[in-house]
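Visitor: Below you will find the structure I want to go over with you.
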């Protein structure tokens, strides 16, 4: 074993054993293809029986399955029902819902409705999720009426590029697996990571995984525009990647700065020790030897208004930022903040230097020569201890308005109507958890992520 227990062999030879793991087997391909064919065939029959051929122009499969870039551990089939542009949005949704219900009934499957920016319906059949997505049939992306209308063009682009260089499929699968291990795969609001399509576009643009990671190691957030000619898309996003099928769109708009920075950090370790990529592809587990102290607050969401998944995640993220900013404004030192989804529960974590601050705080006033000096001195003249001069400034030591972090948190949460939260310190919260959830939460609190484990194994680092 080389690299001080890192992995067997050197890079890129150490990747060989992962190719077969990340490549769907023939048995898997056959099973999924049969499910897809059966679903499409049944849908066509339902559409004909309901005489909807005049408003439904196409039923086709898109997403990673259609592009043959899917991972064995994560497969679903995106079935797009492409409507005539004359159909209203509400009718589009209702018809798709009815078709989905009828499909589930005929297949003897389970139906579930999900919402993102766009409603879609999931039929769970033979261990496979069939995602039925309503969209409009348009001739070019500029004519799109909804965000998902460009998806067929994404499929055409990726398939055509991979036809020229089929070997890139392998690199795409490895890159997607890497993003998963880094917990930055997915464009939904609770992840703020890299979508499947974006990961494919990046591999295609750079011509492979190794050149991509070497390029990423040199990236600086808010300074990356791909290609450089797409400067007009530069805005508030930390990463700009031109959508090859729609020059108006930044395909990386959903990527958050922390998620991008994590990839950049990993890419830098990769350039130093490439074998770390092989390490992170392993299913690594380590015992969690970490006990959070009482200065860590955990907020559990108990109830919330009816919101689509992405909107809910976005709202919770705003609560996280708002609580953090308010705590800091009252001089609480926030060591770390986290938004965690523990199975079906939403948690916010705040690791603080202290849950309670001293009675007094030092307030620095204006310079003694400033016009506001009179206002400051008159405001605090009756205070004990009295104001004094330090250097060229007036200063006062006064009682704090808020000393307890929990009071600050409650003050912020009152603003978000319809949201109900429980507030716990970490030790008491962990006591009430089932063992599996407790382990998952401890891993998150301790930062036991695969790439950190590999840092220790491959670079020899250990906390002092």
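For all residues, glycine too, the Cβ spot is worked out from N, Cα and C.
Curation does not apply to TrEMBL; its annotations are automatic.
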Visitor: So TrEMBL lists 76, 78 for Mg(2+); which of 23, 26, 131 goes with them?
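Guide: That Mg(2+) site, as TrEMBL gives it, pairs 76, 78 with 131.
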Visitor: Helix, strand, coil: count each for the residues of the domain 'tRNA nucleotidyltransferase substrate binding' (171-276), based on DSSP.
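Guide: Within the domain 'tRNA nucleotidyltransferase substrate binding' (171-276) the tally stands at 53 helix, 15 strand, 38 coil.
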Visitor: Provide the three-state DSSP residue tally for the domain 'Polymerase nucleotidyl transferase' (50-154): helix first, then strand, then coil.
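Guide: Secondary-structure breakdown of the domain 'Polymerase nucleotidyl transferase' (50-154): 35 helix, 39 strand, 31 coil.
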Visitor: Summarise the model's confidence over the domain 'CCA-adding enzyme C-terminal' (303-414) as a mean pLDDT value.
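Guide: 95, rounded to a whole number.
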Visitor: Go through 67, 154, 176, our binding-site residues, and report the one whose Cβ sees the most other Cβ atoms within 10 Å.
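Guide: Ranked by Cβ atoms within 10 Å, first place goes to 154.
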Visitor: Are there residues of the same chain, six or more positions away from residue 185 (CTP binding site), whose CB falls under 8 angstroms from its CB, and which are they?
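Guide: Residues satisfying the criterion: 176, 179, 191, 193, 194, 196, 199.
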Visitor: Among the binding-site residues listed here (76, 78, 131), which has the Cα closest to the Cα of residue 154 (CTP binding site)?
Guide: 78
